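Participant: Got a structure for you, questions after.
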Amino acid sequence: MSEQYPVLSGAEPFYAENGPVGVLLVHGFTGTPHSMRPLAEAYAKAGYTVCLPRLKGHGTHYEDMERTTFHDWVASVEEGYGWLKQRCQTIFVTGLSMGGTLTLYLAEHHPDICGIVPINAAVDIPAIAAGMTGGGELPRYLDSIGSDLKNPDVKELAYEKTPTASLLQLARLMAQTKAKLDRIVCPALIFVSDEDHVVPPGNADIIFQGISSTEKEIVRLRNSYHVATLDYDQPMIIERSLEFFAKHAG
């Protein structure tokens, strides 16, 4: 799938080559690397080799996204993982929202991943399933899900429309990921916002109970909505994830 539109300013991927420990960061559905950039820069500053790709069909125009499948998004993440594998002995993966879903998906297929940090990750959004099976013809595009932030001074760089076809792809990705959670054995630090208007917070419990990891923890974010990586709890997410990397990097 070739994209027809230019990349939006601020939606560019981010790479930093540093030490032998790498971190792959994955942004969310309809979003861009912008939502994960503060974390990527903090990890790079701490000496980690960092890869923050732009998912296929994202960060350009929602018509580009409409032409992609979840396999394209997986391929974008696999490519980033491969880039890190060439440079690093140890790799962690973190992601926001669908980026968290892709984090879980990757851990299901790559048991050598050292640890994962899903942030408001999605494996079950009943509203999507209800919308798809509710009967009647759905519009081609729905309103944006972006910028669910408690901080009124911050805006997420994301599409103003959501392609209905892409929601179906997200539903398929979530279903496949949820079905194989028990394959995950690496340490997991699971962040969840108490108030999230996009992904029900109960997803964190589904993930926690579903994965086979012996080392796993849920950290509740009291002062952020869905896009927690840009919200009030951002410093805490950075601090706790850096502690997690240091602990498990050996």
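Even glycines carry a Cβ here, placed using N, Cα and C.
The substrate binding site annotation in Swiss-Prot covers Phe29, Met98. Annotation comment: Swiss-Prot describes Ser97 as active site, nucleophile. According to Swiss-Prot, the feature site 'Important for substrate specificity' maps to Ile145. Under the heading active site, charge relay system, Swiss-Prot lists Asp196, His226.
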Participant: What recorded positions among Ser97, Met98, Asp196 are found with a C-alpha within 10 angstroms of that of Ile145 (site 'Important for substrate specificity')?
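Facilitator: Final answer: none.
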Participant: Just to confirm: which same-chain residues, 6+ apart in sequence, have a Cβ under 8 Å from the Cβ of His226 (active site, charge relay system)?
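Facilitator: The list for His226 (active site, charge relay system) reads Ser97, Asn120, Asp148, Leu149, Ser193, Asp196, His197, Val198, Val199, given in order along the sequence.
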Participant: Say we define neighbours as other CB atoms within 10 Å of the CB. Which of the recorded positions Ser97, Met98, Asp196 has the fewest?
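Facilitator: Asp196, out of the recorded positions Ser97, Met98, Asp196, has the fewest neighbouring Cβ atoms within 10 Å.
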Participant: What kind of secondary structure is Ser97 (active site, nucleophile) part of, going by DSSP in three states?
Facilitator: coil
Participant: Tell me, how many other CB atoms lie within 10 A of the CB of Phe29 (substrate binding site), whichever protein chain they belong to?
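Facilitator: Step by step: centre on the Cβ of Phe29 (substrate binding site), count other Cβ atoms within 10 Å, giving 28.
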Participant: So if I draw a 10 Å sphere around the Cβ of Ile145 (site 'Important for substrate specificity'), how many other Cβ atoms end up inside it?
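Facilitator: Summing over all protein chains shown, Ile145 (site 'Important for substrate specificity') has 22 other Cβ atoms within 10 Å.
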